[in-house]
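Listed features, source Swiss-Prot:
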{"type": "DISULFID", "residues": "37-85", "note": "disulfide bond"}
{"type": "DISULFID", "residues": "60-81", "note": "disulfide bond"}
{"type": "DOMAIN", "residues": "37-85", "note": "domain 'BPTI/Kunitz inhibitor'"}
{"type": "SIGNAL", "residues": "1-27", "note": "signal peptide"}
{"type": "SITE", "residues": "39", "note": "site 'May bind Kv1'"}
């Protein structure tokens, strides 16, 4: 039983890495800097409730941020999000 549980955990971790890793790579510039506008929305680790904005690749979209953690694709207003991420 322990081996089956271990294999399921390894499989789950593999799937999570396959989904997450390409998204992080596509957010990286050629010089290694991360383009925050290409990062996925990330609500963070806490359970507080802040309505903030992230750039979804096309436009700025509202989401709920928990108050701690997450990534830098998070803006206090739609205007700030568009100013940073929208291409002219």
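The backbone N, Cα and C atoms fix where each Cβ goes, and this holds for glycine too.
All features noted in Swiss-Prot, drawn onto the structure.
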residue : record              : Cβ within 10 Å
37      : disulfide bond      : 19
39      : site 'May bind Kv1' : 19
60      : disulfide bond      : 22
81      : disulfide bond      : 23
85      : disulfide bond      : 21
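With respect to their backbone Cα atoms, residue 39 (site 'May bind Kv1') and residue 85 (disulfide bond) stand 11 Å from each other. In this model, the domain 'BPTI/Kunitz inhibitor' (37-85) carries an average pLDDT of 96.
DSSP assignment over the domain 'BPTI/Kunitz inhibitor' (37-85) gives 10 helix, 13 strand, 26 coil. Distance between Cα atoms for residue 81 (disulfide bond) and residue 37 (disulfide bond): 9 Å, as a whole number. Rounded to the nearest whole angstrom, the C-alpha distance between residue 85 (disulfide bond) and residue 60 (disulfide bond) is 8.
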